[in-house]
Structures are given as structure tokens and as C-alpha cells.
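For reference, Swiss-Prot has these:
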type	residues	note
DOMAIN	8-290	domain 'tr-type G'
BINDING	17-24, 88-92, 142-145	GTP binding site
Amino acid sequence: MARKTPIERYRNIGISAHIDAGKTTTTERILFYTGVNHKIGEVHDGAATMDWMEQEQERGITITSAATTCFWKGMEMSFPEHRFNIIDTPGHVDFTIEVERSMRVLDGACMVYCAVGGVQPQSETVWRQATKYKVPRLAFVNKMDRQGANFFKVVEQMKLRLKANPVPIVIPIGAEENFVGVVDLVRMKAIYWDEASQGMKFDYREIPGELQATAEEWREKMLEAAAEASEELMNEYLENGDLSHEKIVAGLRQRTIACEIQPMLCGTAFKNKGVQRMLDAVIELLPSPVDIPPVAGIDDYEKPVERRADDSEKFAALAFKLMTDPFVGQLTFVRVYSGVLKSGETVLNSVKGKKERIGRILQMHANERQEIKEVLAGDIAACVGLKEVTTGETLCDPSAPIILERMVFPEPVIHVAVEPKTKADQEKMGIALGRLAAEDPSFRVRTDEESGQTIISGMGELHLEILVDRMKREFNVEATVGAPQVAYREAIRKPVEQEGKFVKQSGGRGQFGHVWIKLEPNETGKGYEFIDAIKGGVVPREYIPAVDKGLQETLPNGVLAGFPVVDVKVTLFDGSYHDVDSNENAFKMAASMAFKDAMRKASPVLLEPMMAVVVETPEDYMGNVMGDLSGRRGIVQGMDDLPGGMKEVKAEVPLAEMFGYATQLRSLTQGRATYSMEFKHYSEAPKSVAEAVINNRK
């Protein structure tokens, strides 16, 4: 099958934003203008096309990144047809993982900001993720028709809070209820959209007199940004004081793709103004799969290899998301980086070393699907029939193995125990939790060995609430949920040397393992590190992996209260063996005993998860909010003024103190304050807290 759309005309983009910046509405409008949706879905009615899980429609927030394909030829139909693969990403901080995994497979992103709220805490998180994956960005300032809308304030906030380099390519005509259109700084024309046609029709007019000077000032800034792309452009700009339309676009495009600038647009998606110009900017300024460096990975021999975005290359794709579909079962969303994948073919999961057969291939439009025979380089599609794949693994041509860089998922910080209500629910719950954990790598399931309870862990209360809710709706499992528990950790403060000896003499063959280890604190975040410093074979080579294994098996249960031990370095430096009685198991036991004894002597401490909390509150309630945060052992790290007499408080608070905060904040501020929180780091718990936690576990 020949390509319908050349790869240069592909745009794989994400629409990303803070909750309530109007992201889903913006995506809806994109689908409307590109002709996919005939009736615009409104989030207010719970009818948006991209928010297709029931919980999303009820809560009016987007949880899963739905992937959609649509086509655009430009506002004036002046471009050849471009193919957009759009990933809608959630804005709630508990679903940061969803944003992270979509950033990994995007070539560009549109950041949507609210013209009133501006750059909010979640926007900063998303911005960091986009920077981490070097994703070129455009910014769209939405809700220009709202009370308090201020485009230029958002430009300043982007510089201050995100350390961004925003370059407006349009400026608004009017604001709040007087917002009527935009001045296009590239064409130096005013654009007015026709409300009766839901923004399908528009016309160019002269720039209103009172805006002429402002428009010229901002055009000057845009020209400078474009001219900095190359010496040639800079010289032309300095000589002529201007650049042609084509050269402005070329200069801005080059610098946007290099992540040096972020072109800015504005509008109101709800009132059908401005989104159309943003779509043109996606074509003009964001990269196609061939404009970005080839994707890098390693082959079977751990040698670096690259794959270009080309159909003639060997097939390589990244599975970036799993979803359970009520009709076809498990869907695996893949981003194809190189080559072609046909339905019915066998591919290699290079991470697990297993081959799998691709059943059907579906192109998704939110939750509607169209079956296709093959998927080409640069595309995003969903495969049916893959059983072993989990998020972040590579699928490739079995004749040319490659492992693409994996995604790193955060460790969960909150646990709850779940118990099925009936015996019949027991088995169904196991299947349901297994499916949900395969879909979402930041969600873990385990069985507590002592109590036999099933423990689920995630990134926040809302995260777990929604997963329990999905268990009920999608799998018909009724479960009772316990109170949330904090994921504490244990660490040590001083180095110690310790002997471990496991000797068992009984008739016949005995057991003998003997080691000396040095246990010392490791850098924060480094985790466990094992160093083999054995000289002269005092512990034979073949037993050293057993020592490492014995140590690793002891890590999940610390000596203070049985919490996992983190950030330790263990050096095996001496020991002895017995020709007949030594075996792997004996050395494993000796290492485990040495570790436990060493840990007790190494000043063990309890670590608790600290959360970065951002509260937005009316000034009148500032005292209550601050007092409450200090009462929760919070450390206030900064305050900012926000528009409309609001204040922003940033604090670091232990997770243990944050349960039920939403309800408390509501009553403190009569429901007028909002907050967001995300995991920051682990830090040593105060003595009184540690003692209470340890006594509780006994």
C-alpha cells in the first residue's frame, strides 16, 4: 500500500495543559475543524469525544491519553493535506505518568494555558517533562473571552516560571467579552472569525488603529527571534529591517524544533476563535518525524544503533500505552519509528526476548476505531492480540533487534489495602488488578505476606480512587478499600563492617557460607549498589551472584519496621568457603544475615515521602491556609500574588499529613481554594513520627 501522506506531512503532537485550561475543548475544536466531528462535544455536558471513559465524563477531567488521527489543509486550504496524530494528555497531577509516556512518543506539543489562571503548578510539571524529552512546543493561551483574561501576563509568567522563551506570533484584539479576533504578526493582518459558522469562516482585515503600535512592537520581537536562526537571516534583517513571510516561518521553525523558542498564539476554543490559526502553526512550525534526530537504542550486543523515520528501514516501535477495550480486549498503542508493520506479522519484543503475532491493527479516533492493514513509519496506532507486552517495551523486526530507550516510571507513594466483598469477586479482582497494572506502570499490586491482604499502590488518592472505580465498572468487582498508607522507606546513616556466617552440620552434607561485608550509605536516589572486592578467591566466583541475590532479597524488609531499604552500597570484601559444604544457598543466607546485623548497627532511619504542595487561595484565607500547613509539618517555600486577589502558597509537606486535605481546605476557605500536590523526594522522618510508625507496625 503506497503512502497516502508523505512522512514530511505528519505531525505527532500532544495537547497538554493544567486542569481547566480548556484542553479537551481545544482538542474537540481541532477535531471539528479538521472535519472528524460534525457536532462539537462540550466538556460541560460530559460529551467530549476525547474523554471517553465514564469516570472522565463524570469528573470532567481527562485521565487517559486518547490517540486520534485527523487531517488539515490550513485555514485558507493553502497547505497540502497534513496528517495529525493527536494525543490528548491529562492535566491532573495524579496522572503525570500519562503525560510522561505520551511525551516520550511525541514530536511536538501544544501547551494550552488559561488566559486568566496563567501558568499553574501542573503546567510546570508538564513543561519539565517536555524539556526532558526535548519536545518542541507551541503555546496557546485559551479562554481569552473570560473575565480577567490577560495574554501578555501569561507571556511574562512563561518567562518567569518556566524559564521559557515565548515568541508571540499573534496578539489578541480586545479581551474578556470584547475579545473579537487576533492580529497575525507574520502577515500583519487582523483575523476575525465568523461566529455563525462556528469559526469555519473568517476574514482578514486591516489592523485596528489603536493596536498598530503594539502590533509593530511585537512583530519586531518576532522578527529578531526568527533572524537569530542563522547568520544569513540576521544579516538580511539588519540590512532591510524586515524579512519575507517564508523566511520568518523558516527561521521560527528552525528555532522551535531546536527547542530554543516557543511560538505563542491565543484565542478561545469555546467561542471558536484562534484554534484554526494554531493548527496552521502546527504545520508551519512543529517538526515531522524526519525533522527530529533518528531514534536511538541498543542492539543485542548493547551497541548503540539508530533508526531513521523511513519505511524502508527495519521495523521498530515503542509500546507506550496499554488499554483494555470492552469489545476487542487489550489494545497496545505503538509509535512506529521506522519500517512498516502489517497485521498478521510476527514481531520481537526485544526487552523480553519473546516473539508475538500482531492480530488486527486499529487507527483510533478517540474511542471509535477503524481497522487498517498496515502501519507506516511515523505513525501511531493500536494493535490487538499482543499478550506479553507492557508499557515502555520495544517491538521490532526479529531479524534486526533493537531496544529503544525505556521510560522511567516513578515509584508509588501511597498504598491502600483492597478486599473483595464476596468469594466470587476474589478471582475477578486478581484478573482486574493484573490488567490495570499492565496498563499503568505507576500502579503496583502485591500481596502482604503477613496479613494476606492485597495492597495496591499509586501516585495519589485520586489515582487509586479512579482505579478502584474502574475495577467496579469495567470488571464488575466490588471491593472494600482500607485507609491509605504511606510508603515509608528505611536507610542508614553510617558505614559498618559485618560478618555473616551460615553453618549447618548434620549427618551427611552440611551447609557452609561465610562473608564479610561493608555496608555504607549511598547517594540519595542511587538505590542499591553491590561491589565485589574479593581478592584471591576467598569466596569462589560462582558464589558471588548468590551473595548479591541474598542481599537483594533482604532489601524489601528493613530492620526498623519492615519497610524497603534504599540508597545503600554493599561491598563484599572477605569470607571463606568449604570444599564440600559450601553452596549458593549457604552464601545467600550468610549475606542476608550479615546485611540484617549490619543494618541494625548502621544507625538506621525512617524516610517519609515529602510532597510539593501548591495552594491557590483568596487572600482573606491566607492565614488559615498557612496555619493549617504548618500544623501538618509543612515548610512554606514561597508565596506569589495571583490575579483577582488570589495568593499562591508553595510548601513541602509530608504525605502522611496530607490525607483528607481536600476536605479540610474546602472548609477553611469556603470551597474557594484549590491545591495540587506531587511527590518531591524522601527525607528523614522526625524521631517522634518514626517512633509512632514503628510502634504501629509491631
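Glycine is no exception: its Cβ is also placed from the backbone N, Cα and C atoms.
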Could you tell me which three-state DSSP class M144 (GTP binding site) falls into?
coil
The domain 'tr-type G' (8-290): mean pLDDT?
80
For M144 (GTP binding site), the nonlocal same-chain Cβ neighbours (under 8 Å, six or more residues apart) come out as A115, F151, P172, A175, E176, F179, C266, G267, T268, K273, G274
When a 10 Å sphere is centred on the Cβ of A17 (GTP binding site), how many other Cβ atoms does it contain?
31
